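**Q** The structure that follows is given in the form of structure tokens.
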Amino acid sequence: MEAADEEKAGNGRNGRAEEPAAAEQRGGGGRLRGCWGFLRRNALVVLTVSGVVAGVALGAAVRGAALSPAQVAYLAFPGELLLRMLRMVILPLVVCSLVSGAASLDTRSLGRLGGIALGYFLGTTLLASGLAVALGFIVRPGAGASALNAPGLGLPGGVPTSKETVDSFLDLVRNLFPANLVAAAFRTYATEYKMLLRNTTSGNVTWEKIPVGTEIEGMNILGLVLFALVLGVALKKLGQEGEDLIRFFNSFNEATMVLVSWIMWYVPIGIMFLVGSKIVEMEDIVLLVTSLGKYIFASILGHFIHGGIILPLIYFASTRQNPYRFLLGLITPLATAFATCSSSATLPSMIKCIEENNGVDKRISRFILPIGATVNMDGAAIFQCMAAVFIAQLNNVDLNPGQIFTILVTATASSVGAAGVPAGGVLTIAIILEAIGLPTNDLSLILAVDWIVDRTTTVVNVEGDALGAGILNYLNEKEKKDKEQDLKEVKVEAIANSKSEGETSPLVTHKNQVSNTTSTADPESKESVL
């Protein structure tokens with residue numbers, strides 16, 4: 001018996017000694033399972049960021065190989081495929097999402113959300129423009145840079161043709177109402193000029209510039225957005241007759257999102273080759289950064305302040321929620337924006353991630369994000385205002401308050417019509433320069449660094465759209481809760497009023513008595529009571 005007791009005691013001591021080791025093993029296994037689960041949930045984010053890093057490494061490694069232009073084009077081919085796939089789904093995504101979004105909202109909510117979105121877009125763009133002008137005067141990126149020349153930086157000599165400011169805004173209005181919806185899917189209206197020789201009565205010969213309307217390559221996204229919104233409202237008004245078509249657009253939209261989810265798994269590969277080929281294309285990065293370093297620094301600083309501080313503060317003030325946690329769910333579309341430099345190409349992944357990761361209502365995201373990708377260009381406004389101040393300082397021109405106001409208003413308005421494609425904002429800088437009377441010849445310097453600055457520009461553009469959708473989603477949910485609370489209060493008051501009326505109204509008393517009689521009577525006597 002004593003031996004058996006001693007054996008049990010020994011086994012107990014050994015068991016107690018083995019418990020910490022087993023617990024440690026279980027803890028290590030739990031940590032491994034947790035890490036593996038995190039990687040599985042965020043596999044696309046990890047792969048996308050890894051693609052950016054691998055692209056930088058690839059470009060740095062291949063730069064020394066002295067590739068020919070044809071070889072660089074071959075290197076960029078996988079990235080070109082990504083851009084083509086993303087642009088392929090833009091048209092069905094924008095049209096179907098806006099039609100279904102506008103049709104799913106009642107007219108009052110549509111007007112309310114549209115008004116808030118318009119105020120948010122205009123307010124943030126004005127803030128971005130003011131920030132860029134202030135930073136331009138503080139940093140002075142154009143001071144001491146007058147000796148720069150574009151050929152020394154290895155740039156193409158082409159500069160966008162400048163247009164009159166009035167014609168630019170008239171083109172914007174014309175594109176809102178496309179004459180042909182099918183042509184609007186791949187062509188947009190633009191004004192060009194024809195020079196005519198005129199003989200005056202005094203015998204002098206003058207040249208007159210005549211505006212001529214032409215169609216250029218590029219999707220007329222503004223016209224398609226307006227048509228889709230109006231069509232959605234019209235289908236909502238039809239009621240029962242329009243439900244079949246609304247269901248068609250909803251199904252088409254869901255099928256497009258499935259295509260987007262498949263394309264997203266190709267994004268890391270495409271990003272790697274896009275970034276790598278762009279680094280290889282630049283002839284002398286060191287000369288470019290040292291020559292235009294202050295301009296690059298001022299532009300990226302403006303994007304960092306606006307995207308990292310101002311926009312999150314607006315989101316926090318509106319929702320009282322952590323904006324950085326919201327942005328953490330959007331790493332994949334932000335990385336896509338950084339690599340593609342295209343707000344339109346980022347739209348599919350942004351819609352997918354903001355709905356799945358941040359829980360934004362589909363009706364809100366698919367209504368606001370396509371509009372934001374077209375008209376909300378905070379990053380472009382910073383880029384354009386900084387470029388205008390830079391070129392003014394480059395030419396030793398002191399901007400007066402009237403010119404500064406013109407820059408702010410023109411940049412805010414022209415960013416609405418800026419194309420959501422790479423280098424789309426450069427064309428609108430010519431409008432600002434014409435408005436304040438500065439030469440457009442120095443735009444070649446802006447083109448030199450556009451491939452660098454345009455990346456942070458696009459990131460801020462899509463971040464502003466996403467935070468705007470988050471704010472609208474919060475306000476919409478808050479309004480729903482308030483309505484539900486009001487309905488509960490109304491029901492409680494109705495019950496209380498019915499009881500009080502029952503004490504005073506003989507008619508209600510009579511009914512109550514009858515109902516009480518029927519309820520207390522046995523089943524056989526119910527028929528006679530009735």
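Each position is counted from 1, following the chain as shown.
In case you wondered, yes, glycine gets a Cβ from its N, Cα and C as well.
What you are looking at is a predicted structure, and each value in this text was computed from that prediction instead of being measured.
Not my notes, these are from TrEMBL:
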COMPBIAS  1-19  compositional bias 'Basic and acidic residues'
REGION    1-29  region 'Disordered'
TRANSMEM  43-65  transmembrane segment
TRANSMEM  85-105  transmembrane segment
TRANSMEM  117-139  transmembrane segment
TRANSMEM  218-235  transmembrane segment
TRANSMEM  256-275  transmembrane segment
TRANSMEM  295-314  transmembrane segment
TRANSMEM  326-347  transmembrane segment
REGION    497-530  region 'Disordered'
COMPBIAS  506-522  compositional bias 'Polar residues'
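In the displayed structure, how are the listed features positioned relative to their neighbours?
**A** Same-chain neighbours of the transmembrane segment (43-65): 75, 264-265, 267-280, 331-332, 335-336, 338-339, counting only residues six or more beyond its ends whose CB sits under 8 Å from a CB of the stretch.
Within the chain, the transmembrane segment (256-275) has long-range Cβ neighbours (under 8 A, six or more residues past its boundaries) at 44, 47-48, 50-52, 54-56, 58-59, 75-79, 81-83, 85-86, 89, 92-93, 96, 332, 335-336, 339-340, 348-349, 351-352.
Sequence-distant neighbours of the transmembrane segment (295-314) (same chain, 6+ residues past either end, Cβ-Cβ under 8 Å): 120, 124, 127-128, 131-132, 135-136, 139, 141-142, 145, 289, 323-324, 327, 378-379, 382-383, 386, 390, 449, 452-453, 456-457, 459-460, 463-464, 467, 471.
Counting residues 6+ beyond its ends, the transmembrane segment (326-347) has Cβ neighbours under 8 Å at 44-45, 48-49, 51-52, 55, 79, 82-83, 86-87, 90, 93-94, 219, 221, 264, 267, 270-271, 274-275, 312, 315, 353-354, 357-358, 369-370, 373, 377, 420-423, 451, 454-459, 461-463, 465-467, 470 in the same chain.
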**Q** List, by number or range, the same-chain residues at least 6 past the transmembrane segment (218-235) whose CB is under 8 A from its CB atoms?
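**A** Sequence-remote neighbours of the transmembrane segment (218-235) are 90-91, 94-96, 98-103, 107, 110, 172, 175-178, 181, 183-189, 242, 245-246, 249, 344, 370-371, 373-375, 417, 419-421.
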